[in-house]
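Undergrad: Okay, here's the structure, questions in a sec.
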Ligand SMILES: Nc1ncnc2c1ncn2[C@@H]1O[C@H](COP(=O)(O)OP(=O)(O)OP(=O)(O)O)[C@@H](O)[C@H]1O
Ligand SMILES: Nc1ncnc2c1ncn2[C@@H]1O[C@H](COP(=O)(O)OP(=O)(O)OP(=O)(O)O)[C@@H](O)[C@H]1O
Ligand SMILES: [Mg+2]
Ligand SMILES: [Mg+2]
């Protein structure tokens, strides 16, 4: 038993290094994809203290809108790429309108309410998006228009370490896009005037109002940004599986990532994502069989919990201020 | 009431006027019952009154922060620089030059002191250099803040946070500052300093002030005009000097009844507060 | 006015809507056709009403309670979760439950479960059918499985776990090595670790028991790992969409089925004419008629309609009740001739149920994805009844024991 | 006040720092049983931190705290409470979602013993206990003259009243040592006078020892028996109000010339 | 006019400490109980009893459990469905191991198992707070759900993977199983829920409740009042999980009749949490309001088109239900963020000052 837990997995790793590399790569890719979802949460949380339950459905909604627009255009005979990019722009527009609506209808009247109330309100948004989305797009799964958006397909197979390791091109693209986005957002928060204002809003709505920060404007910006992140996430996840309402479940995967990295930290999202992604894959691949497999569903949470016991605010989260 | 008397001494056209406003919290709790007041251009006006009189509520009504606490102005109007402002958003009001320092600090705990001060300049469009210069000015006013500039505001002491809140408001280069209990929790030296700063800004930059303050002594020393509130109404007003000489004010707000200042030890019985109205 | 009330539990919403919608359309359109074209069954109009469950057990039970006062002659839960609580209720409420190739496998035993029907095959049957297909690929009978490594990737829930005891038993008896790859419901779209393990273990064949997004993702991951598609065989639930997403790489992906794919049948032509073209269907496009899951719905409704017809025949009543339809199901006998009459010649094999056997354990065949549709690539394969039978008996007995006092069958058998 | 009365609490060479920030450096002083001891000093001098050290919320890096003759290496806040140290807070720390009455009742927690079972039944012993303590609490409410706000959620009270409720909550613990952190901030003269009376009455009639932080020099000088002055975490003076008031270091660091 | 407390002076602290000090409230409560125990069973049809009232009561009980944790103690938990599952599975195991003992005993006992598991997963709450804690409890949710799937001993190795409710009686009347009529099931559930609500309400109005609220409002200050955080929080976890556990057992035994592990999935956790928030955090009656809004309202909306004779497809109705329920949640939050319970209070307040606006 002890051998199976403590020795055998490492023996396996040593014996089949190519598989280890492949596992790490898969972990890295899932990590990046988790991080993308987590990023949407972080954006909104950091900028308004709202834990946005609707992020998952926003991913689905944006992806469906994109595909929906694309289908409409290609029905009118536009060529693949043009239609795809026009659809992309229109979808961004839709996300902007959505952000405005949410700000106007939901957030503005709820300014300065406790976090949990805003959290609840995002649940209302989720319900409405589900109802609206299913009404408009129906429940059938749709194909993501990956190649029309010039996303690569196929894989790069590299022979190494006595085996073949294959890197999916779409995964590489996802990793690159995610890194760029995350770096950009991190800079934005730390270095710009708006970024500072965003953090101020998250700290206290009331005080932010009193110094003249326009919550309305800021919320639109942030929710729009989160909408765009959702769109990118939707494209990437959609390219992996189909675009359907089932994708919503994936959003739950972002929660341990988020917590591990710290709810308020953009770099935390990516680090958390990588730790969870890689930890989860290694755990499932090498240790999972001992428990009969399928431990991935809670393993991520267990990792997150362990880290939290050590650092209650996550790895990079803002310190929880306890002062009397 | 001395309504007409006050008209006579008004030095300039009012910068801020509050006309007969009524405020209700939570749709059912009536807190202000018809409050009117005016702050002249370049004036320092004090609102005095006991706990719960409605000073804070009045200030929040002016700066439009009531909305965030489920309060609402149901009657009356508020004008700033001649325009009605009671429907504006708080940030628009700040942009027009009226900013509030809230009671009880409200710093951004997770931002450093310096970042806190910089958020004050959010509405400003006059460039980094001017903002930096003002930052230096604030640090000169409050040297303690300079020492703690990179500490997270949440970890600083109560007085440091109070300074930070005041400094932050000053960073917006306002035409008018609504100060809610600025002296609370500050060392006596710093209280003096704050009021000196108020005077300084008032005389050098022409900033007007509306100050809600419990430290009546201080407030009336620096203010040009004062209002006294009781349970949601203005019960007395007049220029600072006349209030200072008023017997009732002396007795209840300055603590110097007929025979001059008493020791706190000698206050014999719990007095029942005299009410002017109601 | 005379009518027969047939509620359809459907799920056109929720995460499984992709599969639920075509099934619902198929079921609905068939019964609507009967109303439109023939004026119902035996001259009695059918009242067909959908109740949306969202594949959620609680909502499903709510549907059940809401249709119960309207005296339904049959219910189709379309979810194992909804079926299970209905099993004991059926006898009390006198409403037969048709759980077509899902639900509780043991409910095939008519003696123990007089009110539950799950034709045409159980998941255990399906598993042995896949094994036999593999054996024929290897060029022989089941003895060819010896020494083979067979991977089983499944939804880690009751549906996927049901074959586990069978697998354990068979792997011992037939000498193959089984590798298990459970996928948690929350991780349906995220199977890379399972497929990494597949890469490591290199199973000779992969068997898939999935549902909804799990199928689509599994196919994609299999393509990504370069798993040979012709060796990847699923139980009967994947749809066209599930394979399509993976592109050309998915060609050769196989699933079990017991009915044809395509709209090339007189009955489906009639549906096209009387229902779809008349705007009485909810299908989003003409090409949807004839797809796997649409036809699954057709098959389901065919069983309902034939059971009602049989019930009318047995009782001589036009308006039948749930009790009558239960008898109709037990006496169900759709032979080739009848299939031809219905307009579904060659659509499927004959169906005959009995008092004792509510499932039939019919043969299924293997179909293969060719990039646009599924093609039948094998003959009908009968299940290994000698292996499955005892398991079923034992399970039915165990169920009755665990749920003691389980009522003994009091319903008489019609002579057939 | 009897100067020779025994020491209740003594602080020996306490130092406390947070990362680079030295909040308290090597401070020693004592509090005698039954006295009113004031701690004053400029903002950020470490007064609040000192109180936090005393009731175990912060743990000093160096130094010892002896309370009632016992030295504890690492006192936990609830231990401090159970040994009779109660306090009020600079930033009002009331339980905002509860009524005045409930807030003060929380102060009685340590004195109530009926467990979950009786609490669940409520009638019987739990109710008797509840009523018994309610009586005590009503006395406190009477004493502080907050009858009218008994059932108001404290979050909605004006600042001054919140401070009073907080005092009530601390009193409910029947403390031996009461730590007050700026109890009179944000009050006008009249209210301060009331507050002073409460403090003096407590001290006189119940013999409660009081440690007081306050920036109003009038109050401090009038009430306190002895005063400690901190500056930048160092103790710069300690003695009777008269002595301290005259100390040039104190005048320079804190009082300013005006006072 | 009718809602005046004038003239109702309290002669003793006992009367003033009562949970319902105002006469009109007590009369209202009596009427509600009368309706619940007599009118509803007499006049309600099966659908109302079996699909509306029974689930509503069971969910309310779960919501009370969560309210104790989230609303009263301020610990955000998303693992409540799993704790319900623990209750359900332990009731199932107990009732199959000891079939002779009355099922109600086991249903109530199952709460203790849930409480135990709850305490275990409550341990991190000492260090972890807020949304971070929520994710820690998610670990409980997913881990326990995994156990329900994996440990087949829990469901007696049923090949269906589900727990199936055996038929059991009380005084010769079937209360579980297929032949238990909706009326009996309703009355049994109602009795349990009423008693447990009463007990919970007693707890939260007493010392322990105040301790919890103190921890919620300001844990640091609570500590300095002599409250030990860990025991207080763990007690909250225990009591809360107890209620969830019983509610879970009731859910399987008296409502669903059989349940797969997915009956206790994360969706249920969220739903219960939302009932509590929309109903009113820290309010017993709010738990009922919330359960009503989130469980009953969709049913009503779903039935409306049919009642009005509108020919709307089932799926469309479902979409509209989502839209409307979502919209209403937002609407109610905006009208009163503190939940329906507070709205109710304000309504009473208005009634008190009626006919004046304030
Ligand atoms: N959010 C609120 N909801 C309900 N009532 C409130 C609210 N805020 C304040 N009040 C009530 O309004 C009245 C006036 O309060 P306000 O804070 O304006 O007084 P204040 O004069 O500033 O007192 P202090 O000197 O103590 O700061 C008080 O009786 C208070 O209870
Ligand atoms: N938890 C902490 N982390 C970091 N620094 C702290 C912490 N607590 C206090 N400090 C710092 O220690 C110093 C002393 O703070 P303290 O609150 O004791 O001051 P104070 O004397 O009470 O001042 P005031 O009169 O303004 O309330 C301050 O500079 C403060 O920033
Ligand atoms: Mg105030
Ligand atoms: Mg302090």
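Glycine residues also receive a Cβ, built from the backbone N, Cα and C atoms like all the rest.
Heads up, here are the entries from TrEMBL:
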TRANSMEM  A:20-43  transmembrane segment
TRANSMEM  A:50-70  transmembrane segment
TRANSMEM  A:82-102  transmembrane segment
TRANSMEM  A:114-132  transmembrane segment
TRANSMEM  A:170-189  transmembrane segment
TRANSMEM  A:218-237  transmembrane segment
TRANSMEM  A:257-278  transmembrane segment
TRANSMEM  A:290-310  transmembrane segment
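Thinking about packing and proximity, how do these listed features fit into the structure?
TA: Within its own chain, the transmembrane segment (A:20-43) is flanked in space by residues 13, 51-52, 55-56, 58-59, 160-161, 165-168, 171, 174-175, 178-179, 181-182, 185, 222, 225-226, 229-230, 232-233, 236-237, 240, 250-251, 253-254, 257-258, 261, 263-266, 268-270, 272-282, 285-286, which lie at least six positions past its ends and keep a Cβ under 8 Å from the stretch.
Beyond its flanks by at least six residues, the transmembrane segment (A:170-189) meets 25, 28-29, 32-33, 35-36, 39, 43, 46, 146, 151-153, 156, 195, 198-199, 225, 229, 232, 236, 239-240, 266-267, 269-270 of its own chain at Cβ-Cβ distances under 8 Å.
Same-chain residues lying 6 or more positions outside the transmembrane segment (A:257-278) and placing a CB less than 8 Å from one of its CB atoms are 24, 27-39, 41-43, 45-46, 51, 178-179, 182, 185-186, 189, 199, 202, 300, 303-304, 307-308, 313-318.
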Undergrad: Ranking A:50-70, A:114-132, A:218-237, A:290-310 by Cβ pairs under 8 Å to the transmembrane segment (A:82-102), which is first?
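TA: Ranked by Cβ pairs under 8 Å, first place goes to A:218-237.
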Undergrad: Which residues of the chain, 6 or more past the ends of the transmembrane segment (A:290-310), have a CB below 8 A from one of its CBs?
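TA: For the transmembrane segment (A:290-310), the far contacts come to 4-5, 253, 255-257, 259-260, 272, 275-276, 279-280, 283-284.
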Undergrad: Please check if the transmembrane segment (A:114-132) comes into contact with the transmembrane segment (A:218-237), where contact means 3 or more CB pairs closer than 8 Å and the residues in each pair are separated by 6 or more positions.
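TA: Judged by the Cβ rule, the two regions do not touch, with the required three close pairs absent.
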